[in-house]
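Student: Have a look at this one.
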Amino acid sequence: MKVLVIKGSIVNSGTSSSKLMTDKFMDFYKEKNPSHEIIELDLNKEKTASVSLSEAGLVGGQFWKDIEANKLVDLLKSVDKVVFSTSMVNFNYSGVVKNFIDAICIPNVTFTYKYSEKGQAKGLLDHLKVQILTSQGAPADWYPFGDFTANLKGTWEFLGANVVSYVKLAGTNVAPLQTMTAEEKVATIENELKEAASKF
Ligand SMILES: Cc1cc2nc3c(=O)[nH]c(=O)nc-3n(C[C@H](O)[C@H](O)[C@H](O)COP(=O)(O)O)c2cc1C
């Protein structure tokens, strides 16, 4: 069993609450599944950190070449599960996550409209189980227009994946979490992470 852990926060590893959440989730997961192979992908260290889709990139599919989309898609096709984490940046997921999504949403590679009934798409990553882990500064109900966690869930489902669950750490920049360290913030949802890891 292969698990791909994708980190999409733009905050560095030592202080990122979503990256610490991911590490905590994986600690619980590894306790239960010690033989599973774990592969880590930090989107800040891939082409996703520097290549974004623009007018020039559409010409001849240059964007997908520059961002090494094949490498990302091959990786997704080679694993059984994905743990995907990111945090809120200006009411959405981070730019590196957007670049990643633009890279992997490829017609007839990761989804298709061929053979589908009533025109709906069929996701071609239907072998994947996905766990989503997100963090945001504001409480969960402050920006209903910026529900990037729901957006990610829908995007993975569009690609055919089974999103097993998502865990959201909201309100990191307001009381009572505001004055805590990232470790302390993550500790407030430890039970939720443990339960999600046991079901994944
Ligand atoms: C550039 C930037 C923009 C942000 N924009 C928002 C935002 O629009 N809404 C919000 O609730 N939090 C926002 N935040 C706060 C982060 O979402 C919050 O601190 C989160 O817990 C960070 O998680 P991380 O440390 O894993 O990146 C922003 C943070 C940064 C660095």
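In case you wondered, yes, glycine gets a Cβ from its N, Cα and C as well.
Pulled these from TrEMBL:
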type	residues	note
BINDING	Ser9, Ser16, Ser17, Ser18	FMN binding site
DOMAIN	1-191	domain 'Flavodoxin-like fold'
Student: Near the FMN site, what residues other than Ser9, Ser16, Ser17, Ser18 in the same chain have a C-beta no further than 8 Å from the centroid of the listed C-beta atoms?
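Tutor: Once Ser9, Ser16, Ser17, Ser18 are set aside, the remaining close residues are Lys7, Val11, Thr15, Lys19, Leu20, Met21, Thr22, Ser85, Thr86, Ser87, Ser135, Ala182.
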Student: Out of Ser16, Ser18, which of the binding-site residues is least crowded by other Cβ atoms within 10 Å?
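Tutor: Among the binding-site residues Ser16, Ser18, the sparsest Cβ neighbourhood within 10 Å belongs to Ser16.
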Student: Give me the count of other Cβ atoms within 10 A of the Cβ belonging to Ser17 (FMN binding site).
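Tutor: Its Cβ shell of radius 10 Å holds 27 other Cβ atoms.
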Student: Can you work out the mean pLDDT of the predicted model over the domain 'Flavodoxin-like fold' (1-191)?
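Tutor: Per the prediction, mean pLDDT sits at 96 for the domain 'Flavodoxin-like fold' (1-191).
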Student: Give me the non-local Cβ neighbours of Ser9 (FMN binding site): same chain, 6+ apart in sequence, Cβ-Cβ under 8 Å, ordered along the sequence.
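Tutor: Those within reach of Ser9 (FMN binding site), by Cβ under 8 Å and sequence separation of 6 or more, are Ser16, Ser17, Ser18, Lys19, Ser85, Thr86, Ser87, Ser94, Ser135.
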